[in-house]
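J.: Sequence annotations record features per position, and here TrEMBL assigns domain 'tRNA methyltransferase TRMD/TRM10-type' to 6-226. According to TrEMBL, the S-adenosyl-L-methionine binding site annotation covers Gly114, Ile134, Gly135, Asp136, Tyr137, Val138, Leu139. Residues or ranges marked as region 'Disordered' by TrEMBL: 209-230.
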Amino acid sequence: MSFSATILTLYPDMFPGPLGMSLSGDALARGVWSLEAKNIRDHGLGRHRTVDDTPAGGGPGMVIRCDVLASAIDANVPAHDPRPKLLMSPRGKPLTQSYVRELAAGPGVVIVCGRFEGVDERVIEARGLQEVSIGDYVLSGGEMAAMIVLDSCVRLLPGVMGKEASGTEESFESNRLEYPHYTRPREWEGRPIPDVLLSGNHAMIERWRREESERITRERRPDLLTSERN
Ligand code: SAH
């Protein structure tokens, strides 16, 4: 059974977009995962297919209506669909590599992409949407955030990355940032590849990588060394 993604969006034409290329695109073409993008506007009201309205209590912007979004969810997601229903939102649970692993190990995801000021709170509660944030900044819509969730999940699916690059040594695995990489040429603009990497001594190479990993993490992200977040 492959990982299946259903996206509810006002801009279905944005998909697969970058997900149709490279690693994720090849995997999509091979059926390792599937993607459908559904237009929330198909469930809009009246002749203009209206999906939003002004915020109760006043203030700027528009809010996606709960009834419209619920219809879009109900029409596209069967009642006992086992996939988690995510809502992209700056208020959400931060996306981390361990959260990505958890999602990638499951049957797939339903992702609701917000626009404008966001969505009516009641539909979040009534349809059990789990809010997910990709970082502490504000985007204009959830589509690119959804692509980030999918890209990070898809590369972990079996058969997407080579066995060699299984991802276990990468940044954020075991709360460390990755060590530096080098490839040919051996010397470039007066900068040599560190001798140890050319030594053929695998124990020394492993130790050097572990130490570099720790040094870089201490310098750039000391918070990772003390946190449980990954
Ligand atoms: N008024 C909202 C921001 C709305 S931005 C607030 O202050 O919290 C419009 C939409 O973009 C959101 O509904 C959400 O779907 C998406 N979005 C914006 N920033 C995001 C982030 N950091 N992570 C995930 N989705 C985000």
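Backbone N, Cα and C atoms are what each Cβ position is placed from, and that goes for glycine too.
Whatever TrEMBL says is automated annotation, not expert-curated.
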J.: Rounded to a whole number, what is the top Cα to Cα distance in Å among the residues the record ties to S-adenosyl-L-methionine, namely Gly114, Ile134, Gly135, Asp136, Tyr137, Val138, Leu139?
T.: 16
J.: So how many other Cβ atoms are close to Leu139 (S-adenosyl-L-methionine binding site), meaning within 10 Å of its Cβ?
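T.: A count of 17.
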J.: With the cut-off set at 10 Å between Cβ atoms, which of these binding-site residues ends up with the most neighbours? Options: Ile134, Val138.
T.: Ile134
J.: What is the Cβ neighbour count of Gly135 (S-adenosyl-L-methionine binding site) at a 10 Å cut-off, with all protein chains included?
T.: 11
J.: For Tyr137 (S-adenosyl-L-methionine binding site), just give me the three-state DSSP call.
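T.: Going by the DSSP assignment, Tyr137 (S-adenosyl-L-methionine binding site) belongs to neither helix nor strand, so it counts as coil.
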J.: Do you know which of the binding-site residues Gly114, Ile134, Asp136, Val138, Leu139 end up with C-beta under 6 Å from ligand 1?
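T.: Only Gly114, Ile134, Val138, Leu139 meet the Cβ criterion.
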J.: Helix, strand, coil residue numbers for the region 'Disordered' (209-230) per DSSP?
T.: 17 helix, 0 strand, 5 coil
J.: Which residues does Gly114 (S-adenosyl-L-methionine binding site) neighbour through Cβ under 8 Å, counting only same-chain ones at least six apart?
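T.: Listed in sequence order: Ile64, Leu87, Met88, Ser89, Gly141, Gly142.
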J.: What is the pLDDT of the domain 'tRNA methyltransferase TRMD/TRM10-type' (6-226) when averaged and given as a whole number?
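T.: It averages 97.
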